[in-house]
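Structure first, then comments.
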Ligand SMILES: CSC[C@@H](O)[C@@H](O)C(=O)COP(=O)(O)O
């Protein structure tokens, strides 16, 4: 996607023989567009933990390069296993991280140690390219839903979508998951308007999604997280579409904290609630999301402080709770499959259920 007319991926290698990657420092958006160079596994781990890179698919892709960096000094099986465990531990909920690392390890263990660095770069590059193709396919399948709504409305007015957090191009290598259909609908001339939330605790909606949509010219309105249910009751949301960090074999979905409440409100108001995901986000090993998905607990400071621009246009943060008040900060919640209309994957749409997922991914049924 583009920033000021220039096309970027959210992760790239300057050249095929460069032993580093470039990312945007996402903690600096939207006030600054800063590119960071990462060239060792520690820097990659730090970037993931501090959320300079974030979004489930992007975390996986960046971690894949982190593993290659770790092998540059020692490419033995032991070093590979140690680096894999180190990188997987950086964030617990997004399963794409483990998926990418396990894919890399399986690939590299089949290669002699002295060829592992070159093979690792090639495999990490492939993960990135596949992510772009996957998200484009998700976009096309999700676009059909938006077209159907537009036609049902007699091509009058606009299609109002609500998204929570950021599942756009900066959360993936390109296109995004939940935002890919929205970009495609906008580009083909369907008048879409997006209600943007996750306006607490990290404000990923207002800081990241609003910036992304605005950069692409997509009409949008930032709302307080608490306003979503109200707009659904008022008939002003045609569809909710969100991304996810982990989907279980029975279709439960972990996503940014607050997604569950949006799903409850959508269910109560008969508003379609769709989740867009690459198959790398499905954790075939677990079924009950509420019981089995680990929920990342992040720093209380993310709740106690807010960042933004002050009246002089300087970026900074302010405390918004009494000095002695503690805070709790679960970063994700789980939406049970029963509350969803369905899932949008690179292979098409399905019910959020075991049968639905199996119909699209029959080979996984045999494997697990
Ligand atoms: C395509 S990104 C899907 C999810 O990763 C996204 O919705 C989300 O919850 C991001 O969480 P984050 O904590 O910003 O990494």
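Heads up, the Cβ atoms here are built off N, Cα and C, so glycines get one too.
Residue 245 (active site, proton donor) has a Cβ environment of 32 other Cβ atoms inside 10 Å. According to DSSP, residue 245 (active site, proton donor) is assigned to coil rather than to any helix or strand. Annotated active site, proton donor per TrEMBL: 245, in sequence order.
For residue 256 (substrate binding site), the same-chain residues 6+ apart in sequence whose C-beta sits under 8 angstroms from its C-beta are 164, 165, 198, 204, 242, 245, 331, 332, 333. Residues annotated as substrate binding site in TrEMBL: 54, 55, 56, 91, 204, 255, 256.
The site 'Transition state stabilizer' annotation in TrEMBL covers 165.
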Over the residue list 54, 55, 56, 91, 204, 255, 256, recorded for substrate, what is the maximum interresidue Cα distance in Å?
17
Does anything in the same chain, at least 6 positions from residue 255 (substrate binding site), have a Cβ under 8 Å from its Cβ, and if so what?
164, 165, 242, 243, 244, 245, 275, 332, 333, 335
Shell list (substrate; ref centroid = CB of 54, 55, 56, 91, 204, 255, 256; cutoff 8 A):
59, 94, 165, 166, 167, 171, 243, 245, 331, 332
Measure from the Cβ of residue 91 (substrate binding site) and count the other Cβ atoms within 10 Å, all protein chains considered.
23
Which three-state DSSP class does residue 256 (substrate binding site) fall into?
strand
Using a 10 Å radius around its CB, how many other CB atoms surround residue 204 (substrate binding site)?
26
